[in-house]
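Sequence annotations record features per position, and here TrEMBL assigns active site, proton acceptor to 310. Marked as Fe cation binding site by TrEMBL: 353, 359, 389. Per TrEMBL, homogentisate binding site is recorded for 368, 389. Here TrEMBL flags 23-297 as domain 'Homogentisate 1,2-dioxygenase N-terminal'. Among the features that TrEMBL reports, domain 'Homogentisate 1,2-dioxygenase C-terminal' is placed at 299-452.
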C-alpha cells in the first residue's frame, strides 16, 4: 500500500509508525481508554486529574459538549500529554484561500447545478496540502451562532509537514474519493481509503498525509455532532451498526521542531495560525467518548423495499446531525450502496421530486443509476430547496419499459448525499472560479416527451370481467 519515497522522509517515517501500530477500537460513542504500549500504566487510575500524572504527563480535558448536557449527549475526553496544547505563540490571521463562510458573494441561484470532476493540481506545478486545498462550494448558517453547515472539496497533492489543522467551528465529515489519506490525530492514526469516511470532531487537531493526487468531499456542521439515526420500527439492528465504527488507539511522538510547528485554527469562518516548538501529537494516553472515528461504507446493512413503491431515501442514512426540531436534520449523510431491486409494478430509479431540504450529491466511484452520463466521480450536484430534479430521459424511458425482475442495483458504485434543512448558498468559487460548473446540466431533462393519451382506458383482466350479457332486438 505504501511506497516509501526517499524524497519524502516524513511520509516514510509516518507510514512506518502507522504500520507498526495499526489498530482500532470498535464502537460508536463508547467510553474508550487507550495508552501507547511504549508507556504502560500511563492512564491514571481512579481519577482524571491526579496531582502528579504518571510519567510526568500533563492532564488536559477536551470537551465536545456543555458540562451540564444530559449524560447521553455529554461528550468529553481526557488527554495525557507530554506538553499541554496551551503552550503556543499567539494566533495571527492567515490567508483563507477558497475557504469561506461568506454566503453573500454572489446572487442566489435556484437552478439545478452540476459540477464536473474537480481539478487536482499537479505536484510538478504547485505543492498543495489538505488545508490549502480546501475549497468551499456551498453552505448556510453562521459559525458565531453555532448553527449551520458548509460543504467543501479538497484537492491536494502533498502531505502536511510540521503543521496541523484544528476546527473550532464544527465537525468535519471527510469523504475521500481519490487517494488514501493517513490522518494523524491527538488520539492516534487512521488510514482512510475511498469508500471509507471519517469524522474529526470540533477542536481535535489533525494532520493529513497523502500519497499522490488526492480528492474528496467534506461536510462541516456547526453546532451539532454526528450521531447514528434512530431506527424506529426497523428495530435494534440495521443501517450502520455501531460496532463497525473504528477509533484510533493512542500513539505519541516526543518531537521538538526547531524551525517551528504550525497549528492552523479555523475560527468564526477564518483561518489563524500559531507557532510552537513541539509536535502536538504528544498524547501518550487518553480516555473518554469524544474521539475521531472512521467507517467503511461496505459495512452498511441496507434496508430496502421488497413489495412495491419506494421507501424514502432516509433509509440509507449513515449519520445525522440533528437540529432542535424533532425529525429535522441540520445535515444527514446518506449513501446509495449496491443492493437488490425487487419492487413490483414500480418505477425503480429515484422518482421526480421537489424537496424542502437541500440535496448535494457526490460520487465516489461507478455510475449513478438515475444519470449514467455527466455525473462523474469527483464531481457533484446541488438540488436546492424545492428545485425539481429526477432521472434523465434515457433512464426514464429504459426503466418505464424494463422487465421487472430482481436485479442488482449500483454494483461497483457508491454515490452519497449531504442532505440539509438549510437553504444553501453557492460560493463564487463554486459558480465561477473553479470553472467546473456544467452549464448544460438542464439539457438532460429537455428530451423528456409527453406520453399523455386522453383516450387511454384501463385494461380489465378477463377474470374480472364477469359473465357477458347477450342483447337482441326482441
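Here the Cβ of each residue, glycine as well, is placed from N, Cα and C on the backbone.
Whatever TrEMBL says is automated annotation, not expert-curated.
Feature annotations (TrEMBL) mapped to structure.
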residue : record                       : contacts (Cβ under 8 Å, 6+ apart)
310     : active site, proton acceptor : 343, 346, 350, 351
353     : Fe cation binding site       : 388, 389, 390
359     : Fe cation binding site       : 381, 382, 383, 389, 417, 418, 419
368     : homogentisate binding site   : 336, 361, 375, 410, 413, 415
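The number of other CB atoms found within 10 A of the CB of residue 389 (Fe cation binding site), across every protein chain shown, is 19. Taking the mean position of the Cβ atoms of 353, 359, 389 as the Fe cation site, the remaining residues of that chain whose Cβ falls within 8 Å of it are 350, 354, 355, 383, 387, 388, 390.
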